Amino acid sequence: MGHALCVCSRGTVIIDNKRYLFVQKLGEGGFSYVDLVEGLHDGHFYALKRILCHEQQDQEEAQREAEMHRLFQHPNILRLMAYSLKERGAKHEAWLLLPFFKKGTLWNEIERLKDQGSFLTEDQILPLLLGISRGLEAIHAKGYAHRDLKPTNILLGDEGQPVLMDLGSMNQACIQVEGSRQALALQDWAAQRCTISYRAPELFSVQSHCVIDERTDVWSLGCVLYAMMFGEGPYDMVFQKGDSVALAVQNELSIPQSPRHSSALRQLLSSMMTVDPQQRPHIPVLLSQLEALQPPAPGQHTTQI
C-alpha cells in the first residue's frame, strides 16, 4: 500500500518518501477530490485523487480500485504511481497518485470542437476508437469489465492517444445471475456505479436467470463512438429532458445521416448498439474490423485497384 502520507507545511505532501507540492484543485466528485501536484524530486506534474472513506467498505473499495490499476501495464490504461491510506482521527482518506494529462479528457476535446461548430473527423475517430478498444481488450482478457466507460473517463495523452481511467466500477466480466434477489442487487449496483446515459440495456432490468458479460462495455463504447461522431451521447438529451433512459435503450438506435461518416463506421456503431447483448460483438471482433478501417499513416499511400 505504500508508506503513510503526511500533510506538511506550505501545501506539500509526502507520498512514499517523496515530497509533492500542491498546485491547484482539478475537480471533485461525490466522495473524491482530484488535485494537481508537482513532484519536487522530478519536477513532473501528477494528479492526486483523494477518496473520502466513511466506512470500512469505502476503504476496501478504494484499495480495490488501486489493485485494478496495478493489474495493467498497458498504454491505453491509466497507471497508478502510488497508493496509500491516510488517517485523520476517526476518518480515512485513500490517496491515489496518478499521471497528469494536460490535454484533459475525450469529452473536453468533444466540447472544445463543439464550441467551434465542428466535430472529430472520421480519421481522428478511428485511431481513438482503436486505442479505447485495445484498453478494453486488456481489461477483458484479465476477466474484468470496466462498467463505466464514457468520454469523461477517457484521458488524452500528449500524442492524442486515449487512456482509460476511473477503474472503481470494474468487476468480474461474466456474472451468472441466479434468482431475483441477485438480479435486483446487480441492478441496484449498476444504478450507483454505471453512468445512466452510457449504461447497457441489460443492466436496467436484470433478469432473474441470465448471464451479464463484458459486452456491457461494448454498448458503452458504442455510446462513446456516437458522442465522437455527433458531439453528444445518444441518450444524453433523453436524460437531460427527464425522460426514461431505461425505456429509450430498449429501442433500436436511430443513427443520424451525415456525409462526415462512412457506411462502414455507421455499421460498426450499429453493431455495438445492439439491444440484445447476445447479438452484440465481443471486443476482438470489433478490433479486427477497426484495424481494417484505420486511415493510412502520414506519408503512406494506398493504391486503388
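From the backbone N, Cα and C atoms, a Cβ is placed for every residue, glycine too.
Per Swiss-Prot, N-myristoyl glycine is recorded for G2, and the stated evidence type is similarity to another entry.
Taken together, the residues in the domain 'Protein kinase' (20-293) have a mean pLDDT of 96 on the 0 to 100 scale. The domain 'Protein kinase' feature in Swiss-Prot is assigned to 20-293.
Its Cβ taken as reference, D148 (active site, proton acceptor) is surrounded by 22 other Cβ atoms within 10 Å in the chains shown. In the three-state DSSP classification, D148 (active site, proton acceptor) falls within coil. Annotation source Swiss-Prot lists active site, proton acceptor at D148.
With a cut-off of 8 Å between Cβ atoms, the residues of this chain six or more beyond the region 'Activation loop' (166-202) that come close are 61-62, 64-65, 68-69, 77-78, 139-140, 143-150, 153, 208-216, 219-220, 223-224, 233-236, 238-239, 245, 249-250, 275, 277. Residues annotated as region 'Activation loop' in Swiss-Prot, with similarity to another entry given as evidence: 166-202.
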